[in-house]
Amino acid sequence: MLSKTHIMFIPFPAQGHMSPMMQFAKRLAWKGVRITIVLPAQIRDSMQITNSLINTECISFDFDKDDGMPYSMQAYMGVVKLKVTNKLSDLLEKQKTNGYPVNLLVVDSLYPSRVEMCHQLGVKGAPFFTHSCAVGAIYYNAHLGKLKIPPEEGLTSVSLPSIPLLGRDDLPIIRTGTFPDLFEHLGNQFSDLDKADWIFFNTFDKLENEEAKWLSSQWPITSIGPLIPSMYLDKQLPNDKGNGINLYKADVGSCIKWLDAKDPGSVVYASFGSVKHNFGDDYMDEVAWGLLHSKYNFIWVVIEPERTKLSSDFLAEAEEKGLIVSWCPQLEVLSHKSIGSFMTHCGWNSTVEALSLGVPMVAVPQQFDQPVNAKYIVDVWQIGVRVPIGEDGVVLRGEVANCIKDVMEGEIGDELRGNALKWKGLAVEAMEKGGSSDKNIDEFISKLVSS
């Protein structure tokens, strides 16, 4: 019966959205569920998919040349939804004809009216959230009009159910850029959750106990994380060390060889995510010199469009202490014995990965949910420090260097490392056989099979 149970995944086509969904898919496949993941053709053709238990199908997201790229987020996602819905109907019929009818569609929460779309296609629907429960609660309260983002002038703190008191700088930052209605779209993630059959969050019960309970009082949410490869956690899935889905090629050999030559706990790993940073030239310069002035060895991921912001003087001085790469295998790096801290933008995936591997953090949040995650890193889980921002919105190199030193040495560093190791143990506990997330996944499968 289980082998006939078929789940189709529809990720949003970005590395930070596809990776956790792939981890969930791999775990379900290992437990005997048939899995198909639907990807844009342009992405599937250029990516590395490394799991033989995962079937793939393609959807084209090409926009008509005459129409161009829709200007508003609602218009853009409306076009995407139309293309997905039209193609999914054919894919579902194909799977049914092949003897593997789809029982459930797991759809990234960013897609509009996901549950409605699934039910119109005659299939159960489950939104998949790639941010924390805390951020979900904040976005939902903003969606209800109980909170404005960006906050009103004069607002210094915000009190919300299940959430610790938030300062103005702890709230999500929405840089609208191309899509001026982006925040409205983020709020609309909650528009049809009351109709969802399941709702998945990449978190675990002990990490966000109160936040998950509050969301559970609103909708049928299920905590299924931390979603990172099994060999870094519970080791139930044999040889599961890779993301399984990668948009970028990392020079694994040179990164690990460089780290192998360094003393245990002596290296700062710095990375600010898989999309273009919002750093101006001044900001980039302060981060760069802050790393150098900390006097610690560092490995820094600087994606290609950003590398031009690094001065020739910095690059020359960094040769002795630093390795600057365009991409690296983050999990392998974070788990390496030489890593002592992680300077991060506080994206949710990076936060969960560092916490699960017991690495304390230097928080440099930029936008979206990142300030909220930084608040939890520093004040709730107590596994990092946050670099203060100057009046002009730019960090100062001296503050960057001092924060690195706080995490890497002394009593503060010892306390942060101890807390990080505690959370690492709890992350493993959640995913090992009989752990909270493992049980949640098993109960979900059982209910799906019997429905």
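Using N, Cα and C of the backbone, Cβ positions are placed for all residues, glycine too.
Since we're looking at a predicted model, the values are computed, not measured.
Going by Swiss-Prot, these are the annotated features:
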type: ACT_SITE; residues: His17; note: active site, proton acceptor
type: BINDING; residues: His17; note: anthocyanidin binding site
type: ACT_SITE; residues: Asp108; note: active site, charge relay
type: BINDING; residues: Thr130, Gln330, His345, Trp348, Asn349, Ser350, Glu353, Asp369, Gln370; note: UDP-alpha-D-glucose binding site
- [ ] Any same-chain residues 6+ apart from the residue listed as 'active site, proton acceptor' with CB under 8 Å of its CB? Would you list them in sequence order, or say none?
- [x] Pro11, Asp108, Leu110, Thr130
- [ ] Return the maximum Cα to Cα distance in Å (whole number) over the record's UDP-alpha-D-glucose-binding residues: Thr130, Gln330, His345, Trp348, Asn349, Ser350, Glu353, Asp369, Gln370.
- [x] 20
TODO: Identify, in sequence order, the residues in the chain of Glu353 (UDP-alpha-D-glucose binding site) that are 6 or more apart from it along the sequence and have a CB within less than 8 Å of its CB; answer 'none' if there are none.
DONE: Pro226, Ile228, Gln330, Leu331, Leu334
Open item on the list: What are the sequence-distant neighbours of Asn349 (UDP-alpha-D-glucose binding site), meaning same chain, six or more residues apart, C-beta distance under 8 angstroms?
Closed with: Gly16, Ser19, Pro20, Thr130, Asn202
TODO: Count the Cβ atoms, other than its own, that fall within 10 Å of the Cβ of Gln370 (UDP-alpha-D-glucose binding site), considering every protein chain shown.
DONE: 25
